Amino acid sequence: MAGTMLAVMLGLFALSVPVAVAIGLAAVLGIVEFTRFPLIVAAQQIYVALDRFPLAAIPFFILAGNLMEVGGISRRLVGFARAVVGGIQGGLAVTCVLTCMIFAAISGSSVATTFAIGAILVPALQRLGYPAAFAGSLQATAAELGVVIPPSIPMILYGVATQTSIPELFIAGFGPGLLIGAALSATVLVWCRLTGWGKQDGEGRDGLLPATRHAFWALLMPVIVLGGIYGGITTPTEASVIAVIYALVVGLLIHRELRPAALWGVFRRSVITSSVIMFIIATAGLFSWLLNRQRVPDMMAEWLVATFGSPGLFLLGVNLFLFVVGMFIETSASIIVLGPILAPAAVRFGIDPVHFGTVMVVNLALGMVTPPFGVNLFAAAQVAETGVDKMMRYLPAFIAVIVACLMVISYVPAISLFLRDAVYR
């Protein structure tokens, strides 16, 4: 049954059927052809898949990110990051990475990060002589940090799908996020030295003190949101609501750059984005339920243990598999379908489920910047007004950096777990 459902799903993907529809049709076929359940069970399981309190955080974090984009918060974060690192050769490129890291600590979405930060920094990079394709490639790759550094929508999905603590997953994302951010920053600095780009990056930037004062309310936002979670004051869902309220207050009353007339567009865009994700969660949840009914996760765990034999080989095999999956299947669907299958096998190998969750999220996030379906890739190409084919001249180097970081994260669990163990153990 599982093989047939998978073949149907992949066939529908090849025909350009939307991800959620393809997964749902494959699941319905499995119910009709391979079980005795009435078809109404599909509606019931779709409801069950969505009837989970932590999932309510997703639309609120998306809305918070969109409010930041139009409320002047993202522009102030760019100014602060530029004041910190913009004075060196290649500093504006490093500013792109640093701003994405800070924005990621509020939004939870890589696409939102691409548009919010890219709309400001990509034109600035081009004005200072960076090629448009390089600027787009850098923005697409740096925006991946939006799903690694907490709060992270994919980590919420992994936590729900595998019954893993979401606050522990969030705090485990800091180490990998900082590692990837540092590696990308070092890469662009060396690149700028070799090419001569970025010699005028320090022109027109504010001093550190004025920039910090200007960005104070923007910088306070992740402190309030994440501090509430790790201080045990709020759940991630409650923190997401606080993020929305904070973004509204700052945008409307403090910065006064968020016009009431713009709210309809922000709400509309947030609803559309959230609906797409929730549709995928619903049908992927149905698909995953069918696999569980057929004991596919248990059988896969037994097969993986017998095939790989050691944790090191298992992680290598899973990373290769997830890298290919991420190129063709949307991240949310991959996590909900594959998380319950692969996580039990990881536990049998003695791998901490929180560590495995960070490995899975970082790996699948690579799919956002790899052809043919990388959503960050196309978003950044739109912002940079360039073609994906031109970006491919620069993109492989950035992907290689993240792959190298992924290998380090996979085989050095302390990178993911040292903060978790310090706070929760």
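Each Cβ is built from the backbone N, Cα and C atoms, and glycine gets one as well.
TrEMBL does not curate its annotations; it predicts them automatically.
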Given the ranges 25-43, 215-233, which one is assigned the annotation transmembrane segment in TrEMBL?
215-233
Tell me if the transmembrane segment (311-342) touches the transmembrane segment (239-258). I count contact as 3 or more CB pairs below 8 A, with pairs 6 or more residues apart.
no
Cβ under 8 Å to the transmembrane segment (270-291), counting only same-chain residues 6 or more beyond its ends: which ones?
1-2, 5, 9, 19-21, 23-24, 26-27, 30-31, 35, 42, 45-46, 48-50, 55, 58-59, 62-63, 66, 109, 111-112, 153, 157, 161, 297, 330, 332-333, 336-337, 340-341
Averaged pLDDT score, the domain 'TRAP C4-dicarboxylate transport system permease DctM subunit' (6-415)
87
Do we see three or more Cβ pairs under 8 Å linking the transmembrane segment (80-106) and the transmembrane segment (354-374), pairs being at least 6 apart in sequence?
no
Among 112-130, 173-194, 311-342, 354-374, the stretch with the most Cβ pairs under 8 Å to the transmembrane segment (46-68) is 112-130
